[in-house]
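Trainee: What Swiss-Prot shows for this protein is this:
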BINDING   G85, F90, D108, S109, T110, A136, E137, R155  S-adenosyl-L-methionine binding site
Amino acid sequence: MTNLLPEMAEIWQQTLNWQPTDSQQARFQQLYELILEGNRQLNLTRITEPQEFWEKHLWDSLRGVAPQQQLISFLPVGASVIDIGTGAGFPGVPVAIIAPNSTMTLVDSTRKKIAFIESILKELGLTNAKTLVSRAEEIGQQPQHREQYDVALIRAVGTASACAEYTLPLLKLGGLAVIYRGTWTEEETTSLENAVRQLGGTVELIDNFTTPLTNSVRHCLYLRKVAKTPANFPRAVGVPTQKPI
């Protein structure tokens, strides 16, 4: 018996002012089944129950690209998007599904996970997404990636200041970094603002909300690239987490 994802059309509409098409919903279902299958070989996620998967992987991924509940205006046609530390493909794969006119680069340092994601992209027929086995500190210093992206997504990877150091060097001027967090405090905002300023960015929005099924607290931090990032950032692999700005 196949586990069926809930459609949640009303909740999508209420929380994102958007609903998936039948084709997108079918791809979400296929993605869910592929993740369950892959979980047997790889430790991809502990979130496997249909409603929990819908809320914590699909909804959470897309809520990040819907600042203040406005999904559609967020990703311009042809946007170049990068998902850093994609893991099992979140948030990047759901975003690629709903934004077919964007190009998505999914980055992870674990080759096995990237090999799995490549198989997912093939099964889903997602031609607008590609993968990369690397680390943010490395690609942030490579000319083919530095200042090449419109949007950078990062979920559950290190401190917020480390996330800023991973994302801002990759963004074009005017680009936007989206940092997905759980809880968040005013003190954290102050230290993040200091770090972001050094990296050529500004904290544009801190969006706090609750998830629609379990009412869990979430925050998304939106950082705008307003100036060139100094050449010494990002620092070497491991340094952003060991010695935060």
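Positions of Cβ are set from backbone N, Cα and C atoms, glycine also.
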Trainee: I'd like the Cβ neighbour count for T110 (S-adenosyl-L-methionine binding site), meaning other Cβ atoms within 10 Å of its Cβ, all protein chains included.
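Mentor: The Cβ of T110 (S-adenosyl-L-methionine binding site) has 13 Cβ neighbours within 10 Å.
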Trainee: Where's the emptiest Cβ shell within 10 Å among the binding-site residues D108, S109, R155?
Mentor: S109
Trainee: Does DSSP put E137 (S-adenosyl-L-methionine binding site) in a helix, in a strand, or in coil?
Mentor: helix
